[in-house]
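Database features, via TrEMBL:
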TRANSMEM  7-28  transmembrane segment
DOMAIN    11-423  domain 'Major facilitator superfamily (MFS) profile'
TRANSMEM  48-69  transmembrane segment
TRANSMEM  76-95  transmembrane segment
TRANSMEM  101-123  transmembrane segment
TRANSMEM  135-154  transmembrane segment
TRANSMEM  160-179  transmembrane segment
TRANSMEM  242-264  transmembrane segment
TRANSMEM  276-298  transmembrane segment
TRANSMEM  305-327  transmembrane segment
TRANSMEM  339-359  transmembrane segment
TRANSMEM  371-393  transmembrane segment
TRANSMEM  399-419  transmembrane segment
């Protein structure tokens with residue numbers, strides 16, 4: 001029987017909708033800073049602080065969200081972010097000072113911490129292994145399309161109306177009650193009947209779920225009881241070397257392209273003038289094209305080939321941008337520079353954009369994920385906060401691409417040496433690939 005059912009698609013769409021709305025919050029900064037911040041007469045320092053408060057909110061709330069997910073599952077975590085999401089946009093609608101924006105951006109960070117924890121883990125745990133790459137890559141795509149939506153709407157509609165529409169977009173959050181929680185969560189909570197019902201709902205009534213349930217029971221060790229003290233669970237669950245790999249990969253994910261893309265967008269806005277909207281459409285097309293290439297190929301050729309291709313293309317683009325910055329040739333409006341920006345965006349969304357988010361979940365065992373992924377997410381978001389402060393200094397903008405070359409080369413080395421291929425592999429096989437001494441029975445007290 002095919003595991004592709006309508007219910008599985010519904011669960012993927014509903015969970016990714018939360019990521020799409022978080023993408024809208026991420027994309028708010030660049031188009032809004034020329035409208036709302038100008039209206040509030042925000043200083044340059046205040047603009048930079050507003051820009052950095054979202055990642056700071058994500059970083060500070062990742063571990064608490066991980067603890068909450070360990071106790072209560074992914075669905076509750078998605079419910080938790082609804083109220084901060086609505087409050088944040090309401091603050092923007094009625095904003096009459098930058099302090100309201102401070103609070104709103106931090107609340108968006110709280111939402112982001114919940115989404116970054118719940119959605120990629122949920123997507124990984126509801127689908128079969130052979131579809132795990134494509135399904136997991138949709139999470140990054142949902143965030144990406146939210147960013148594109150935010151930019152396009154801000155360019156064509158008054159920002160007050162956009163903020164009202166963003167509040168209205170919270171209505172579909174109610175549909176999350178339709179979908180079950182992760183089967184792994186039910187197994188870890190010793191609710192095997194609910195786990196079986198969730199798998200039947202996701203796979204279809206004619207699908208034999210016994211084999212999957214048996215593997216889940218093996219992966220979820222008895223002494224990792226969901227009701228244990230969270231700090232004791234944290235100390236016992238986090239396998240340092242595996243979480244360290246995930247954290248390093250997520251830091252490379254943030255520093256290899258995200259800061260550079262934001263910087264290039266700012267530069268092209270200044271250089272293109274009225275033609276910026278046309279440039280925005282081309283850049284959005286490159287993002288979407290790269291993401292769909294990743295979705296279509298990740299389960300066919302694997303994660304490592306896409307990551308290697310992505311890093312090599314990113315490195316070549318960064319070499320060009322370094323020359324462009326250091327050699328004053330007035331290339332701001334040149335066709336080739338715009339072309340290289342689109343190639344850079346395409347290269348990032350082929351591999352280094354979506355795949356670290358996918359591998360951050362795949363590399364860590366299911367019962368370790370709430371805290372392990374939280375640590376990796378928090379470190380990666382802290383790195384982007386530091387990089388944003390650095391990138392906004394006018395004299396250091398040219399160094400962004402110099403640093404990106406170093407980061408990308410280190411990422412390439414890391415992928416080749418430390419990162420196993422996870423295509424079509426079970427969680428047990430992935431752990432054995434990382435450490436040949438690993439045994440699924442080694443975590444059982446018996």
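Quick reminder: no glycine exception, Cβ is built from N, Cα and C everywhere.
For the domain 'Major facilitator superfamily (MFS) profile' (11-423), the model's pLDDT averages out at 85. Recorded stretches compared: 48-69, 101-123, 339-359; the one with the most Cβ pairs under 8 Å to the transmembrane segment (135-154) is 339-359.
Spatially, the transmembrane segment (276-298) is adjacent to the transmembrane segment (339-359); three or more Cβ-Cβ distances between them are under 8 Å for residues at least 6 apart in sequence. Listed stretches 48-69, 305-327, 339-359 were compared with the transmembrane segment (399-419); the greatest number of C-beta pairs under 8 angstroms is found for 305-327. Long-range contacts of the transmembrane segment (160-179) within the same chain: residues 7, 10-11, 14-15, 17-18, 21, 24, 75, 78-79, 82, 85-86, 89-90, 92-93, 150, 153-154, each at least 6 residues beyond the stretch ends and with a Cβ under 8 Å from a Cβ of the stretch. For the transmembrane segment (339-359), same-chain residues at least 6 beyond its ends with a Cβ under 8 Å from one of its own Cβ atoms are 120, 124, 132-133, 136-137, 139-141, 144, 246, 249-250, 252-253, 256-257, 260-261, 264, 268, 282-283, 286-291, 293-295, 298, 303, 306-311, 313-314, 317-318, 320-321, 408, 411, 419, 422.
Long-range contacts of the transmembrane segment (305-327) within the same chain: residues 256-257, 260, 264, 294, 297-298, 337, 340, 343-344, 346-348, 350-353, 355, 397-398, 401-402, 404-405, 408-409, 411-412, 415-416, 419, each at least 6 residues beyond the stretch ends and with a Cβ under 8 Å from a Cβ of the stretch. Sequence-remote contacts of a segment are chain residues at least 6 beyond its ends whose Cβ falls under 8 Å from one of its Cβ atoms, and for the transmembrane segment (242-264) they are 30, 311, 314, 318, 321, 341, 344-345, 347-348, 352-353, 356-357, 359-360, 363-365, 368, 372-373, 375-377, 379-381, 383-384, 387-388, 391, 397, 400-401, 403-404, 407-408, 410-411, 414, 418-419, 431, 434.
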